[in-house]
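Here the structure comes first, spelled out in structure tokens, and everything after it is commentary.
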Amino acid sequence: SLGRVDVDHVITRKMQLIAEAEQLKPAFMKEVDSHFTEFVNSLVAKSVLLDSSSSASLFPASCSEKELHKAKTLRAPPEHGKIFTARRSLLDELFEVSHIRTIYHMFIALLIVFILSTLLVDFIDEGRLVLGFDLLVFVFGKFPVVFCTWLCMFCATVTIPYNLFLWWAQGYCSSSHRVLRFQTAGLGFGPTYIAVSYALPPASRFIVILEQVRLVMKAHSFVRENVPRVLSSVKDKSSTVPIPRISQYLYFLFAPTLIYRDNYPRNPTIRWGYVATKFAQVLGSLFYAYYIFVRLCIPQFRNSSQETFNLRGLVLCIFNSILPGVLILFLVFFAFLHCWLNAFAEMLRFADRMFYKDWWNSTSYANYYRTWNVVVHDWLYYYAYRDFLWFFGKKFKAAAMLSVFTVSAAVHEYVLSICFGYFYPVLFCLFTCFGVVFNFTLNDRRKGPIWNVIMWTSLFLGQGVIICLYSQEWYARQYCPMENPTFLDYLKPRSWSCHMKM
């Protein structure tokens, strides 16, 4: 009985300690967070000083102290430029929690259900297992043309911008040449012409056009970041012009960032197992998207596109498209922003893995736009928003933000128009109309769970509209082709009048 009393006493004491620990936990976590924030800020400040001091090595040892001080200010201060630090992707950290990893397992289980459903339906209809992937073969067709086009684009991006910048930088110091104006007409026209003239299928066009946009943004960042450094060295009458090495430029072209720096934080080793896992997840996401289209999209739109266009059919189509639309959204985010970029970052030992933030927790569209794709957001902020802000003035932030929205919407619509082969500005209207309205109404002042629910609801509806309308237009152009289409025929929606010709 004494032993029993001792056990009860120990258990009671243990429960008291747990209760005291729970009471102290908030204060402890707040104190840890405060010290951690100070520690990170200190590291960032030291890294900026180290980076700025390293820029002095670009100048000869005979420079005066005044020149060296000016050399240290060649790069913008931290508040005026992006600072790269070593950090992991958020999902890599979250997947270490078993509860979050279970959600990942649920998506894998859903993929298995899609596969079994497709195999069973094919077995019942055909009497045999049909394992063909005709849709994937079609959308990724003409791959040799795609590879040759990409190789030409990449070689042009390597040679033309770098050599033009080198020629301008060296000539500027010896004469009063005007500031270099980099032209991207060739890179902007050539890939588009090949995609249209060779009638590349949709996925192949996406590869060509997205690479075109990426390389144009890379070249623009390289010029924008290095021209001010050359101008500063000339103004300081330095004998050494800070010109990046070709190896630094090549690294930047492959690095998962659109902001040029001479050096980035690097990891000591490459985890090839991690790289293989990420590429396997990209491949799995590709097959996931295939089964979503086969089971949820193609049967619906193949039949609905043959019906009369009316409001009832449109509403049903939009709500039936929400599930595949949301799944495609998750797959694009996971496959590209997490797996693809992390795989290349690992191979290049690129340490800054903040390609996205916790956009799923957003209670405002303003925060969603900032956190969904950090790589593109940084480029738009530093090279579009700040330029528009300089042009309009700091008092017209709304006009600068609206201009960035318009540019982003135009580029997105350009990509979709070339890849699908028709102009149907659904995404452009969603961006410039609803996107702008939600950005200013659902702003950062909106807090609380209800605003997160509103954000997700509107996002679900938007994905349903995009999948429904673009799919209807695709099938309408297959069912109602025109023998000699004019330019206006590419601009008019075929899905609105296709039933009249059937």
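A Cβ is built for glycine as well, from the same backbone N, Cα and C atoms used for every other residue.
What TrEMBL records for this protein:
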ACT_SITE  His412  active site
TRANSMEM  103-124  transmembrane segment
TRANSMEM  144-168  transmembrane segment
TRANSMEM  180-200  transmembrane segment
TRANSMEM  272-293  transmembrane segment
TRANSMEM  313-341  transmembrane segment
TRANSMEM  396-416  transmembrane segment
TRANSMEM  422-441  transmembrane segment
TRANSMEM  453-472  transmembrane segment
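Here the transmembrane segment (103-124) does not lie next to the transmembrane segment (453-472) in space: the count of CB pairs under 8 Å, restricted to residues six or more apart, is fewer than 3. In this chain, the transmembrane segment (422-441) does not touch the transmembrane segment (313-341); fewer than three CB pairs sit within less than 8 A of each other, excluding pairs fewer than 6 residues apart. Around the Cβ of His412 (active site), the number of neighbouring Cβ atoms within 10 Å comes to 16. For the transmembrane segment (272-293), same-chain residues at least 6 beyond its ends with a Cβ under 8 Å from one of its own Cβ atoms are 107, 111, 114-115, 118, 133, 135-136, 324, 327-328, 331, 334-335, 338-340, 342-343, 346-347. Remote same-chain partners of the transmembrane segment (144-168), defined as residues 6 or more beyond its termini with a Cβ less than 8 Å from a stretch Cβ, comprise 177, 179-180, 182, 186-187, 190-191, 194-195, 198, 200, 204, 207-208, 211-212, 215, 218-219, 222-223, 226-227, 230, 243, 246, 249-250, 253.
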